[in-house]
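In what follows, a structure is listed as structure tokens, so that the remarks can point back to it.
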Amino acid sequence: MPFSQLGDSWSLYHDDQFWRTSQWLTELLFSYLHSLSGWHGLIIYRNLLGLTVLIWLSREILRGRRFLLAFPLLILTTFMVAPLVQERPALVGLLFTLALGRSAAIILENHALSRSHWWWVPATALWANLHGSWVLAPAALAFTALALIISAASRNSRMRVPWQLFFLSAGTLVAGCLTPLGFRGILLPFQMADRASAFIVEWHRTRLIDGLTAPFALLLLLVIVMLIKRRTRTDLDLLFLVLLWTIFASLAFRNLGSAFLIILPLVLRRFFPAASPQLSKIHWSIPATLAVVAVLVVNPLSAASNQSIGKYLLTTGSEYRILNGYNASGPLLAFGGEHISLMVDGRADRYPKEWMAEYLRAARDGVGVERYIDEYKLNAAVIEKASMAAHVFRYRLEWREALTEEKYILFIRP
């Protein structure tokens, strides 16, 4: 089956156009893992990459630093990163983002590029085919170049434009366009923000009072305390970068983790420099053990909000064409078996913006829902039980209420 048609059986929507995604390599990997091990293949992917991220972070934070100082930072970082360890292409992006933050911190510390930093050009080309977060690479390098200019000014040293770093940033920008999307890949994050902000929580504007925001806010508090304590103009470059990445983090919840991973190495190298490159065995073993427990003990499928609905549909043995809320799609596909088809799955970039907005309005408010029922021959619906759409299915269409689970309700056409 052509790659562009992978997953067509999941979604009833078709527009006769090939699906082009910025993360096609990861999607292809997912298809192979699913073929080999079912949905648990994606759990294996999550466990391996999650362990890699957490152990790498442990190494970066604990190496050469006093344990009583570094371990609280590791705990804070774990609370920030753990919710991001999911069966998604974005998990690959976390690895690249962590490496990018480390490189930017080294460049700022040394005020120079090394030959190894030019590897970011081919690395960005790979990153761009794995996940759309590759746009962080040219942005981070350009921001660091501006910070170097500010650093030179604050030290009253000779002002030199770091042209090499700007060229490297431009090189990664071009390399990131070496994908099936081409130069459109640059615009994809902005298009997704516009398209998905209304119905995907992670694209909502970041709220200050939220559990996801707390670790990032504590890191910012640490930066503020250290800046006040030091009171030196030489930290203006760091302040500039922290402000830029804080603005980025404020644009959407999904940006918090990336901004955190880029700011953290800057903070570590400026305020808590490593006394030694060595890492003791005890410093390795404790966080590694915690990481293994955290990743392996938690089964993300067990916490799925509508898994009972999916299992119920599977046990009936019937074929269902389902009008579903966007956020209900993953568990339904995982537990519902091969005989269900959804209106939309979790690939927001697969659907035109206008069509998606109208459909989600129907799934939420019941506006024009009859059109979708007739056009796509739907015989079931999984929607939020507190929505107006549930009222429409219950009283106007008189569909049968088969099952309710947490926030979702299953309606079956009589």
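Every residue gets a Cβ built from N, Cα and C, even glycine.
Look at TrEMBL and you will find 38-58, 67-85, 134-153, 165-188, 208-228, 240-264, 284-304 tagged as transmembrane segment.
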The transmembrane segment (165-188) versus listed stretches 67-85, 134-153, 208-228: most Cβ pairs under 8 Å: 134-153
Compare 38-58, 67-85, 208-228, 240-264 by their Cβ pairs under 8 Å to the transmembrane segment (134-153) and return the stretch that comes out on top. 240-264
Verify whether three or more Cβ pairs under 8 angstroms connect the transmembrane segment (67-85) with the transmembrane segment (240-264), leaving out any pair fewer than 6 apart in sequence. yes
